[in-house]
Amino acid sequence: MSDEGSRGSRLPLALPPASQGCSSGGGGGGSSAGGSGNSRPPRNLQGLLQMAITAGSEEPDPPPEPMSEERRQWLQEAMSAAFRGQREEVEQMKSCLRVLSQPMPPTAGEAEQAADQQEREGALELLADLCENMDNAADFCQLSGMHLLVGRYLEAGAAGLRWRAAQLIGTCSQNVAAIQEQVLGLGALRKLLRLLDRDACDTVRVKALFAISCLVREQEAGLLQFLRLDGFSVLMRAMQQQVQKLKVKSAFLLQNLLVGHPEHKGTLCSMGMVQQLVALVRTEHSPFHEHVLGALCSLVTDFPQGVRECREPELGLEELLRHRCQLLQQHEEYQEELEFCEKLLQTCFSSPADDSMDR
């Protein structure tokens, strides 16, 4: 599954109570069998079964056929299994949290410590699987699971615990504003940026970046925190590392933030982002350059200051881009990178009225 992929949902743990607006005022006429708009929603499994059986019965044509006893029994068993599955998943999460809530063994032997860590890692992995479902993710947060992750496991001694905690935070947070707000309120972003910037384990850094992305993309409060914590500088340092996956994902996030939040282009230019991106393009060619050039394109689009900085003679960007275009012409797999090069040449070096960019 991709970092920002679609996520499933399921039936609620409890059916909603009947609407107060339908049951109050107007006397007993509102509960007559005549109008489907005034019927009470089911309060239990039997009521939901009855609703499923009678659904569509008010359609005049064709008339409903009576449900066979065999089909009625199958439907009831299927729905019972669905409700039972929901309860079981919540119990699984509670069991995992009991494991994770235990204090770390202070004076255990090496074998005991390894077994304890393996059990905790297994609990985090199971939670990550369960929380792919948005309702489970919400239940996990209601069970105070997020407090445990941020408070203890992002800074755990074992790298296997740190990266699994970061992954779980990202899994729960992606595309769910309420969970994002809770995570941000717990101070997770500062810890995640520290992991991305300083952790000795590459996997921890990659998973921390995933969680950061889930907290700042399409989340204004997260982006503001990211800015206050100098997140763009951390992102640039990540792009300068030797870990290909980290470089690509960092450049992709930068490009995404530039497209979605062009108001921060001035901040990035003042940090020397143009010069640093060009320096990255000058490194040995790799697929990572596509995302760097994409970020550079986003930085100069409709932004004269970015264009002026790209034109600085000491950068030698025009010559670099023309040489790169020649290199990529015969390679179909680099078509997007070639298009970014051509767009940069057009935007920064092909305008007949250069002075107009200074206005």
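Each Cβ is built from the backbone N, Cα and C atoms, and glycine gets one as well.
According to Swiss-Prot, the protein carries these features:
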REGION    1-71  region 'Disordered'
COMPBIAS  23-37  compositional bias 'Gly residues'
REPEAT    132-174  repeat 'ARM 1'
REPEAT    177-217  repeat 'ARM 2'
REPEAT    220-259  repeat 'ARM 3'
REPEAT    262-301  repeat 'ARM 4'
MOD_RES   S351  phosphoserine
MOD_RES   S356  phosphoserine
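As a summary of secondary structure, the repeat 'ARM 4' (262-301) carries 31 helix, 0 strand, 9 coil according to DSSP. Cβ atoms under 8 Å from those of the repeat 'ARM 3' (220-259) belong to residues 3, 180-181, 184, 189-190, 193, 196-197, 202, 205-206, 209-210, 212-213, 265, 267-268, 271, 273, 276, 280, 286-288, 291-292, 294-295, 298-299 of the same chain, restricted to positions at least 6 beyond its ends. Note on the repeat 'ARM 2' (177-217): mean pLDDT across this stretch is 97. Within the chain, the repeat 'ARM 4' (262-301) has long-range Cβ neighbours (under 8 A, six or more residues past its boundaries) at 227, 232-233, 236, 239-240, 244, 247-248, 251-252, 254-255, 307, 309-310, 315, 317, 320, 324, 327, 334, 336-337, 340-341, 343-344, 347-348. Within the chain, the repeat 'ARM 2' (177-217) has long-range Cβ neighbours (under 8 A, six or more residues past its boundaries) at 3-4, 137-138, 141, 146-147, 149-151, 154-155, 159, 162-164, 166-167, 169-170, 223, 225-226, 229, 231, 234, 237-238, 241, 243, 245-246, 249-250, 253, 256-257, 260.
The repeat 'ARM 1' (132-174): residue composition by secondary structure is 33 helix, 0 strand, 10 coil, according to DSSP.
Applying DSSP to the repeat 'ARM 2' (177-217) sorts its residues as follows: 35 helix, 0 strand, 6 coil. Secondary structure by DSSP for the repeat 'ARM 3' (220-259): 34 helix, 0 strand, 6 coil.
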